[in-house]
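Going by TrEMBL, these are the annotated features:
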type	residues	note
ACT_SITE	B:C134	active site, nucleophile
ACT_SITE	B:H244	active site, proton donor
ACT_SITE	B:H244	active site
SIGNAL	B:1-20	signal peptide
Amino acid sequence: MKDTVRSDLDLDLKTELFSKLILILRFHCDISKVKDMNMLLQLLLCLAWSFEASATSASVVSMTMDQRTVNNRPFIGILTQPTSSKYGDDYILSNYVKYLESAGARVVPIRGKERPEYYRYMFKRINGVLFPGGGANTTQGSYFESGKAMYELALKANDEGDYFPIWGTCLGLELLTVLTAKKWLLGNTDSENLTLPLTLAKGYKHSQIFRDMPDNVLNYLSTEPVTQNNHQFSMLVKDFETTSELNEFYQILSTNHGRDNLEFVSLMEAYHYPIYASQWHPEKNVFKWSTGRAINHSFHAIKVTQYMANFFVSEARKSSHHFDSADQGAREMIENDLRVFVPDHTFSEEYFFNYTKRE
Amino acid sequence: MYCIKQYFGLLCLLLFTVNGLPFPNGNKWQEPTLNNRPIIGILAQDTSSALGRTYISATYVKFLEQAGARVVPIRGGQPEEYYIRMVNWTNGALIPGGVVNFATSLLGRSARLVYDAALKLNRNQDYFPIWGTCMGFQLLCYLVQGDNLLKRTDSANISWPLTFTPDFKSSRLFGQAPENIIQILSTEPVTQNEHHYSILTKVFETSKLGKFFKKLSVNRDRKGVEFISTVEGKEFPFYGVQWHPEKPNFNWNTHYNTDHGPDAVRVSQYMANFFVNEARKSSHRFPSVKLEATNLIENYNRTFSSDDTFVDIYYIDPRDT
């Protein structure tokens, strides 16, 4: 009995020391040099404790790390992209907004054609960014430029221990391959309006996306047509494998074949960064109701969508960026922007943005 | 006379059984072909706002949409045929939380008409589920009882875990729930309560409510008074929660004490998935895609408050001009 009490005490002490260690580390990250010898001493003491601590404290470490980072009010940015609509210069489909909101995130638009300060300003206040699908240019233009700005800020932040996740869907995956490889490597495939199960790739099990996936969701994803493809271009597996800039950066988690039997990357994640991308559309199963589309709206398909949204929003919860006030966050939210619903068989709903609107 | 009254319920039950209820053999409801494009009506409620006579909070819309349903508003103050028509075109109804007078409000009348139509449909083997949240649950109780049985409790702006009753395991709502959902619900304060009145357990047991509903969970208010927190209809696919499953992922008001953590979000998704799966058992549909699209709530004026309340509201019925 006494031993139990004693070890609990140890556990508490270690937890406290770890919290201290993290505080000190954070502090020194900010001022970037050690000014106080006393603090350095504490730091070393904590480190010594941490090395002494064995199996039991591993859980303590992860617990403390989680406590430090869980942000249960995450904001996620979605890139706007050009449109020829009369309603605005740029748009975002509301499907992507609803997708992220369903997992407990709020959404702010990341506008195109803004100055570098704007991207830096928004980056510091949001907890992740989603590159949506669409038809924008991925080698130049505003979608490419704003994606590039967020991607570069994310790499730098993650390198400095400031967790910041990115998710690319469809065109978003294509943009990520361009940004990482610094060249356009996509191939033409016959893969529009094609709903498939994923063909899982070697090592998928140990990836961030699959590690904690419940068996039933894994089963739906790998055996039922729950992933809707809607793309003319793809990252072909053969090109991926011969491009070291890509295969050293990303792990292929699944592949698929188009109607032309060409094999393309359908799901991938970066080895050393919280960067994820799907060639298919997880958001459509739940939120896209266009009648002309082969979209699976079954309960199993909806469970897959919810898993993917939950996964990415949980990644965003690890980022502690925040707006200066609740009101400021509310003012940046996409709910403030023009939303247009088309009451016909497309059930299309879009948000529109004008470059002139910037306050 | 007394005897007739006593046995009236039994007689009705016998008659229903002959007619064929949704759950003739306990829970063994045969799964019809599922409808994977379900549309659920949310009942609009009275407001004093200048922007409309009735409103629907976007949080309830998002709650249902996240599970693969689309939403149409059920308007207030319409002719009776409107409600019959809407029930026959949709796959379920949700009565939201809020504050109205059950007897005199537009929502009270809409709810009674939808409830009566749903009873009739279900008795005719035409599956039509109803969900009530917070005041929506209280309004369902009012319709079942024919009287207001609410008592004042100290239960606003507080989150609790549920205290499950022994019956919860055999329920439709929780019987098939994954273990982690039951674990979260019974141990973590993920259910936000936002009510000043409740159906007390002792009132429930001694009223028609105890015969109509199976109680699945209870809670105690700040003063220790026990009230009913989750129910499901014994013979009808009607569900009621005194708490707010939609708030964790969709209500960001900083003045409320809401748990936005991943576990609370999972519970919201579980509850929405359950109810939308119930709606998938209904094969009702709009006569045309055009009517379906023009009735959806996305056609209505939505107003967002750009401040720390994050209030997002659809206004449904216009003010008379």
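For all residues, glycine too, the Cβ spot is worked out from N, Cα and C.
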Quick one: Cα separation, the residue listed as 'active site, nucleophile' versus the residue listed as 'active site, proton donor', in Å?
-> 7
Long-range Cβ environment of the residue listed as 'active site, proton donor', under 8 Å and at least 6 residues apart = B:G97, B:T133, B:C134, B:T191, B:Q192, B:N193, B:E194, B:N251
Near the residue listed as 'active site, nucleophile', how many other Cβ atoms are within 10 Å of its Cβ?
-> 23
